[in-house]
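Asker: Okay, handing you the structure first.
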Amino acid sequence: MRAMQTHTEIAPMPIPGHVDPVPVPREVTPREDGRIDLIGLPRKQIAELFAQAGLDAKAAKLRAKQVFHWLYHRGVTDFDAMTDIAKTMRPWLAERFVIGRPEIVEAQVSTDGTRKWLLRTADKHDFEMVFIPDADRGTLCVSSQVGCTLNCRFCHTGTMRLVRNLTPGEIVGQVMLARDALGEWPKGANDSRVATMAGLDFDDEDEGSYTSDGRLLTNIVMMGMGEPLYNFDNVRDALKLVMDGDGLALSKRRITLSTSGVVPMMERCGEEIGVNLAVSLHAVTKDVRDEIVPINRKYGIEELLQACADYPGASNARRITFEYVMLKDKNDSDDHARELVRLIRQYKLPAKVNLIPFNPWPGAPYECSSPDRIKSFANIVFEAGISAPVRTPRGRDIDAACGQLKTASERKSRAELDRLAEEKLAALG
């Protein structure tokens, strides 16, 4: 890169490399009241904060254990609800700390039951999360960044600029909010008002079925806004809390992290997080993948597939998922399908392929492949002995489907969203 430009043309943003895997143009703005949000912090750090605030080491460790339990097992958002902590201690905690959640700006429900939330950070940046209910599972699609830097051509999020990384608290806070909305904390831990604010029609008759034993939220996919491996430390720390047996206690086998191919971070992902891996492949030739997934210009298909072959823990029991969006006349021919099979076999990958019908958005430069073309592609892969299900689009009517996140916040002005949020709060009393 030149040290100085002598003309007014703006140079394109370079694709970040392994030297700086977290390209962040903006830092998190501290809370105005100076209090520290405990959500997203491990027990050890909570104990250290309590000690710094004046508790002796033994008391700090005990209080941290108690608070951690109330945060992640009970889902409370108020220190006064922590009944095994002395009443005199609760105001002391409330003066210094806060139990945060991302602010809910808007909640939408699709005709197919998919739910999408437009959320806002404490420093006023918007992002989205999606809950997808199925007959045998409920999957939460979690965001890792506000915006994205990868510029994948078929993805609406890719047209956004990257604002900043989400913190561990903002990432795990999405899971907490979903549990609020689904009533998945032990009965009585939170009231129905929280669920109503989160966009769920909740009444006393529902309370018996919406419990943690009901497991409405069973799976997490890091497939929302952003590239998780460009926010590796924060994603890792958040998922450790989600998987902690004393935390949210979700098995790593029920968590999938999706990457567009940040090769230098993939091994660390397997070693330090250990969750299932999904790779946004989307093309099998250099020219096409260079166009639609520009990070391919830095980490090519062969390098990416070798990293998949080396991924810790990958096996026939824990296959790597390749995501493949079906784009008309771009990556959907029978020859493309046969090349996909060849590559998977060449690298001896324990893999399955999710074929994703392209979900349109305003101004998108591509169209979805026809149903017959998708079927032909899928049959070639399936007949080679590789699972190749065609994903049923979910939440298209509320722009919550794969590749559509961004639209809700673009359609409405910030002022209109603020007005709607105020009206909702006023209606709740």
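Including glycine, each Cβ sits where the backbone N, Cα and C put it.
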Asker: Among the residue ranges 1-23, 93-115, 254-276, 369-391, I'd like the one that Swiss-Prot describes as region 'Disordered'.
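Answerer: That would be 1-23, the stretch labelled region 'Disordered' in Swiss-Prot.
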Asker: How far is it from Cys155 ([4Fe-4S] cluster binding site) to Asn359 (S-adenosyl-L-methionine binding site), counting Cα to Cα, in Å?
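Answerer: The Cα atom of Cys155 ([4Fe-4S] cluster binding site) is 9 Å away from the Cα atom of Asn359 (S-adenosyl-L-methionine binding site).
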Asker: Counting across all protein chains shown, how many other Cβ atoms sit within 10 Å of the Cβ of Asn359 (S-adenosyl-L-methionine binding site)?
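Answerer: Within a 10 Å radius of the Cβ of Asn359 (S-adenosyl-L-methionine binding site) lie 22 other Cβ atoms.
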Asker: Hey, of Cys148, Ser258, Leu281, His282, which of those binding-site residues are within 10 Å of Glu128 (active site, proton acceptor), Cα to Cα?
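Answerer: Those near Glu128 (active site, proton acceptor) - Cα within 10 Å - do not exist; the answer is none.
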Asker: Run through Gly226, Leu281, Asn359 for me and report the binding-site residues whose CA is within 10 Å of the CA of Cys148 ([4Fe-4S] cluster binding site), in sequence order.
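Answerer: Cα filter at 10 Å returns Gly226.
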Asker: Let me check the 10 A CB neighbour count of Cys148 ([4Fe-4S] cluster binding site). How many other CB atoms are there?
Answerer: 26
